[in-house]
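**Q** Once you've had a glance at the structure underneath, I'll fire off some questions.
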């Protein structure tokens, strides 16, 4: 191996969504950083759906933005349709989603990386890790070059021993058009990591010129479009519609006829697929009572005719793909430009990680993204950001940034991964968060911007803007608590409409706004000032007032849980020597090796009684 003549603080392996955030975070925090990618033309490529956000995923993007990451800004600059989902539900589950111009998204992110100080980009395939005295110190590449780094971040996506399946045909690939990484998995196994196998898939890309869109239902975005980033004032690019289509009984018969040549159902694919993003053949087999399945026909960009049929991923043979796509109403003459396929790949069970995303097996080595068993661009980007931050903090000799389950969806996800591991592709849902009323999209900046600024990621201008917003919220809350509606001065129509005609005592505007039938627009009939403040401030004030009781209750729950989360469990604790623990509990604790009592309490089979025993043992140990 030829040693490269420059050593780095942080080396990031992989240029997908996790790798981009990791590299940018480390470089922006002042670390000399190297990003290695098998293909520099595929930086931040959207391998599957051309969209960012969605339920719970939008929360992750907002949190990435609040901490100083790039994903939200990138989609704001390249999005071609923006929508807020769940608008008729409570604020905890409302979510942002945007269609992306796939090529513009990739190209802009590459430009950001290329112009970032202290960041080098190189095209290379990493084949092995260089480990000395239990710590990683560099990586070796297929071209025979060795790159040395104080910390290494692996963000390998689906590339490790990737195997693509189309019907009974299969061939090595990291994704369609890219070669796999064939040596790194072996190197990880030699280091002592447990490496598993997962599977995912993607639909065909269709020629939009061969689709009769007049026979499909159009779906338009919000007008005006609402940006993801707290620093984006407005979306300026042109917006386009998506279209809705449906499979039918004929489609399902065609799919069933091809199952004998499906790698999924013939036993060829061994990897576990994503539970919450099943292939179309999986849907047809698992839900035989359904006579149709919905698909969104999504444009891949404004300068291409390619479209993405969401929800129709498959690994069926190409002739079956031709037939079933053409069985859909409006798609009878459709041409496939790129076939659908499934891909198997290696991953490393994240139970082998600390909450910082540093591995427990090898020091100074961090894992982020699909290597940890997750699925989705947003999940990957969030992990990449945290891995990049913590690698930089390690180089700087500082404590890692650990987000708790009460801090962010990012914290929920990482805690799930490192506490429970992953045997199937992990996807974020709002239902995974026990404090979801505290972890809303709208308050991500209030929760995390201070942390991002403290570590040097949030720029000064953005921080001043955040602080001004925060002050305005506090001032408006204070004003609404003080200003009152007096019975003698009340508007009769307003009073009658909201059942206040018998009111004897004055009511503060806060008390009025707390009522479910009065929102800020209604309050503006008697309080003109409330409509003069920015919409984001007004939204935050209204949510805090209307949901204060529920928020206070969740804050009490957080405080009770905080004691468990702060109780550290030493890595060398011998569970076998603790009296009172059952054999099952000992086995679970030995297997999962939790870092805190909080983590231990979330391991299935570890009882409250066992946590009490552990707590007593830790107090006794610390007292010695």
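Glycine is no exception: its Cβ is also placed from the backbone N, Cα and C atoms.
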**Q** Please identify which of 126, 240, 307, 320 is recorded by Swiss-Prot as part of the FAD site containing 14, 15, 16, 17, 18, 19, 181, 370.
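**A** Given 14, 15, 16, 17, 18, 19, 181, 370 bind FAD in Swiss-Prot, the matching entry from 126, 240, 307, 320 is 126.
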**Q** Could you tally the C-beta atoms, other than its own, that fall within 10 angstroms of the C-beta of residue 18 (FAD binding site)?
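**A** I get 33 for this one.
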**Q** How big is the gap, in Å, between the Cα of residue 277 (NAD(+) binding site) and that of residue 18 (FAD binding site), rounded to a whole number?
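**A** For residue 277 (NAD(+) binding site) versus residue 18 (FAD binding site), the Cα atoms are 20 Å apart.
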**Q** On the Cα atoms of 14, 15, 16, 17, 18, 19, 126, 181, 370, which are listed as binding FAD, what is the maximum pairwise distance in Å?
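**A** Binding-site diameter by Cα atoms for FAD: 18 Å.
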**Q** Determine, to the nearest whole angstrom, how far the Cα atom of residue 283 (NAD(+) binding site) is from the Cα atom of residue 16 (FAD binding site).
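**A** Residue 283 (NAD(+) binding site) to residue 16 (FAD binding site), Cα-Cα distance: 29 Å.
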**Q** Could you tally the C-beta atoms, other than its own, that fall within 10 angstroms of the C-beta of residue 279 (NAD(+) binding site)?
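**A** Result for residue 279 (NAD(+) binding site): 26 other Cβ atoms within 10 Å.
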**Q** When you tally the Cβ atoms that lie within 10 Å of each candidate's Cβ, which of the binding-site residues (275, 283) has the highest tally?
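**A** Sorting the candidates by Cβ neighbours within 10 Å, the top entry is 283.
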**Q** Nearest to residue 18 (FAD binding site) by Cα distance: which of the binding-site residues 273, 285, 287 is it?
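**A** Checked the binding-site residues 273, 285, 287; minimum Cα distance to residue 18 (FAD binding site) goes to 273.
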**Q** Helix, strand or coil: which one is residue 370 (FAD binding site) in, per DSSP?
**A** helix
